[in-house]
Amino acid sequence: MPTELPYAADAEVSLSYDELEVLRTQYQKELAQSHVTVQTKFNYAWGLVKSPLREHQVEGVRLLQEIYRAEPTRRRECLYYLALGHYKMDNYEEARKFNSLLMEKEPTNMQAQSLASLIDKKVARDGYIGMALVGGVAAVSALVAATLIRRATRR
Amino acid sequence: MDFAALGRAPLRLTAGARRVTSRDLQIVEATDALLEEDVPEPDGVAQSVSLLRGFNATIPSADKGRTRRRQTRNVDAPKMGLKRLGMSARGMLADEDDHESVVSEDDVVLVGSVAGKKAKGKRRGRQSLSASVVFGRDELVRQTHEIQRDKENIHVRRALLNNEIVEVTHKIEALDAIRTKLEQDLLRLQEDELELDDELEGVKERLELEESRTRSTKGSQVASHLQQSSRRRKGPAFLPSEHDELPHGVAFMSLEGHSSPIAALDFSEPYGTLVTASQDDSQPRVWDLMSGEELGRLRGHRGTVKCVQVEDMMCLTGGDDGNVGVWDLRRVDEDDDWERDSEVVSLSDVAEEDEGVDELGMRRPDVNGSIRQGMSTPSSAIEKDGPCIRLLEGHTKAVTTLYFEDECLVTGASDKTMRQWDLTTGQCVMTMDILWAISHPPAAAPGTGLPNHLFPGAAASAGSFAVPTPPYSDGSWEMYQDFVGAVQFWGYALVSGSGDGAVRMWDMRTGQPHRTLLGHTAPVTCLQFDELHVVTGSLDKSIRIWDLRTGGIFETLKYDYPVTALQFDTRKIVAATGENGLEVYNRTSMQHSRLLTNGHAQPAERLRYMDKYLVSGGRDSMVKIWAL
């Protein structure tokens, strides 16, 4: 039975401030009792990951990592959420690592496959930008060199 | 060249300086470690309820549908000021609330209008609230779906909660297990503390001994009597270093030689000298516990020897013939010569007995006690050569129990009396009549005849006392005829256990019993007391622990077979309870255990221990030595 996972688009939709506050309060209440249930932690972590603020995303991924470490049974799902979190933060390398591990375990998972293609697209786009940059730098340096040589030879 | 990294660079640079926090680094560093870890198949709750489903079921917006539906059911009714009503009913309405919210001004019960309507007499029934709201079909279908979803959410939440409950239960169990272990550790600490207390007493004694030795100018005064008798000594014994290597609870030495059940035994110190007596033998044997060899025998009694006590090199025995023998164990090997010239040798003994006569040479079996009778001169208090120093006569029937300390000896016999002797002169100082004590109980009861709380079969005023013992674990039983089962004294206080099941406490200055402890329903066979407790064992298959001061019972330990011997200290009670294995009861942890390894093949009947060294004798005629 394939794991139930949200598509990457779901991560772009953030919760309202109030909702996140409620989740945070619940998480902290359970922390005070020193017994935090996995669900509460995940709720808060997922809410943070969905938020557009980078600090939230970082914190969300950190909490997800804690869940990953603590609950072996939940690890497979966490792989996906971690990949998603890193993807939002533009850590494409990590995202790819987590996602590929997940796809090893569950090759037929639709969401994992879609996330994989999204990551590839982003990486490729960055690659083009990089290439363009390198090309531009090369062109500029060629121009500068040519000017210098011409000036030198004209003398 | 990693173009992707390059491509990302401008975005990073232009999108504003962003501090790389420690959290960022933490995440990235942890990634590799996490990827290493094993990812098992999800099972249990993880499989049935995914995190996402749980999320959707438990976030606050999950309740949205319900609140929406409730709002649709809200009817527009004239403001009744219900909130104000409610608050005043709770007694929370204060003056400030009047000014607080604008809304509250409207929350006034319009009593007037209602009353006005009624006064007008129009008895038009008020419409039902639900009549003013109409739901369309679509709305109703939507509500149905919403409710279904909410019910599924509840199902999800229930699964989550059940899982949590199971986990918390497991944690509680684990913590409980830890707590019981800690409590056991506490008990063990208590035991150790008691052991240390005893050790301290032993060391204090030695200190006193040392001080008195250095103080005394006369070197000849051997302070042997300053040291407490072995029965009262509490400190640990001196053992050879190898003794610690012995496995705990194992009989590491067995002494064979007797051919009938062991009737009595005692030893001077661990790895010292042991004296054992058996039923069909009138000569107790003396053994060296270091080598396990028989050193010799004590000749002088005419019937079975029923009780033995050994202190250092002095040994006292009491026998069926009513005599008490006082022996010097150092002289046991001298006895050899005395016998050799007797007529006994010329008889069939030579043909009979067996294996090699060693250098101590005297495994002479005494098959015919009657022959010897002719040899010994039956007169009282004659100094003899050989180990027997003295013979104390006076009892008319078998001496069944004795206890001596320093120069004072108390014996109990089947003639239902107890005698106190002075060992320096060999004279009987006092006789205490138990029968008299039974018919004249010290309590202010108008006692004529036997008190009826004693069990039937108790001693009649005349006649011999004989009670059949309940069978031991191997089915054997015999007629128990020892009226006085056990005695012990300390200073002037004497405690005796007798065949009527009563434990009596006597004052030896007056010879009168001042207290009787009742409880046993069969003859008392063994007893011991210390500063706090009296512990008695009896044929009624129980051991009772009494409070010495008040006479009340602390504890009763029940067993399956009659109890024939016991010894206790602050931490444990070791008892022979009619089974092959010896019973060890731990007084701090209240645990019972048995000494079985390499043990007796028939019920064990006698025992004595000092520190970690225990000697037991059983019906299988074997003497076994244990490391506790």
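Just so you know, the numbers here start at 1 and follow the chain as drawn.
Just so you know, glycine gets a Cβ as well, placed from its N, Cα and C.
TrEMBL labels come from automatic prediction, so no person has curated them.
Listed in TrEMBL:
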REGION    B:207-239  region 'Disordered'
COMPBIAS  B:218-229  compositional bias 'Polar residues'
REPEAT    B:255-297  repeat 'WD'
REPEAT    B:298-330  repeat 'WD'
REGION    B:349-379  region 'Disordered'
COMPBIAS  B:370-379  compositional bias 'Polar residues'
REPEAT    B:392-431  repeat 'WD'
REPEAT    B:494-516  repeat 'WD'
REPEAT    B:517-556  repeat 'WD'
REPEAT    B:597-628  repeat 'WD'
Query = Given the repeat 'WD' (B:255-297), which of the listed stretches B:392-431, B:494-516, B:517-556, B:597-628 has the most Cβ pairs that are under 8 Å apart from it?
reply = B:597-628
Surrounding residues of the repeat 'WD' (B:597-628) on its own chain - C-beta under 8 Å, 6+ positions past either end = 230, 236-237, 239, 243, 246-256, 258-267, 269-271, 274, 276, 278, 287, 289, 472-474, 476, 561, 564-567, 574-576, 578-582, 584
Inquiry  = Counting CB pairs under 8 Å, which listed stretch among B:298-330, B:494-516, B:517-556 touches the repeat 'WD' (B:392-431) the most?
reply    = B:298-330
Request  = Residue list, the repeat 'WD' (B:298-330) vs rest of chain: Cβ under 8 Å, 6 or more residues beyond ends.
outcome  = 224, 229-230, 263-268, 273-286, 339, 366, 369, 372-373, 376, 384, 386-405, 409, 411, 413, 415, 421, 423, 426, 482
Key: the repeat 'WD' (B:517-556), counted residue by residue under DSSP: helix, strand, coil   = 0 helix, 23 strand, 17 coil
